[in-house]
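As structure tokens, the structure follows; a few thoughts come after it.
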């Protein structure tokens, strides 16, 4: 005679199998840390000749009635760019202490306040190379023939990242499209980087 199988308990039959606990969501990737700007900790490493040159450029932007050697917060990015830097608007706002929109045209700064900002921006450049820009545009090259659609590039420039105005996009793209509305992106990047 075969051994008797134990009969299952009635409670066990009614118990539903326990669901496994939901897996924990994957941890979010750590955001890159912003380089904090503290003007008091910035060591000025420019030569006296460079500082004099920067001062002359700074004075060109001074719109005060008595030439007080001051610019508005809103002009800071323009002066930085005139001095060969290429900060994003977000970087400019960060070194300015993230002022409110209305403060950009009313708050003023003198050259001594500006100089540490220039030093910080020039040391923390994250300038893309020609290859970086070409690689970024290659994503939009659907045919693999070295071109992107002009309309698509216009859309990207106006809606992604540091957005450009319609006028800025038109100036940038003037004379770049071929008869099919395509743009050779390698030539486009060369054009932009030489401007």
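In case you wondered, yes, glycine gets a Cβ from its N, Cα and C as well.
Per Swiss-Prot, these features apply:
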COMPBIAS  1-15  compositional bias 'Basic and acidic residues'
COMPBIAS  28-37  compositional bias 'Basic and acidic residues'
DOMAIN    49-86  domain 'EF-hand 1'
DOMAIN    163-195  domain 'EF-hand 3'
MOD_RES   2  N,N,N-trimethylalanine
MOD_RES   88  phosphothreonine
MOD_RES   127  phosphothreonine
MOD_RES   129  phosphothreonine
MOD_RES   130  phosphotyrosine
MOD_RES   179  phosphoserine
REGION    1-37  region 'Disordered'
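The distance from the Cα of residue 130 (phosphotyrosine) to the Cα of residue 88 (phosphothreonine) comes to 17 Å. Broken down by DSSP into helix, strand and coil, the domain 'EF-hand 3' (163-195) contains 18 helix, 4 strand, 11 coil. In the domain 'EF-hand 1' (49-86), helix, strand and coil residues by DSSP number 22 helix, 3 strand, 13 coil.
Take the CB of residue 88 (phosphothreonine) and look out to 10 A: across all protein chains shown you find 12 other CB atoms. All protein chains shown were included, and the count of other CB atoms within 10 Å of the CB of residue 179 (phosphoserine) stands at 5.
With a 10 A radius on its CB, residue 129 (phosphothreonine) counts 10 other CB atoms from all the protein chains. The separation of residue 129 (phosphothreonine) from residue 179 (phosphoserine), Cα to Cα, is 29 Å. In this structure the alpha carbons, written CA, of residue 129 (phosphothreonine) and residue 88 (phosphothreonine) are 15 Å apart.
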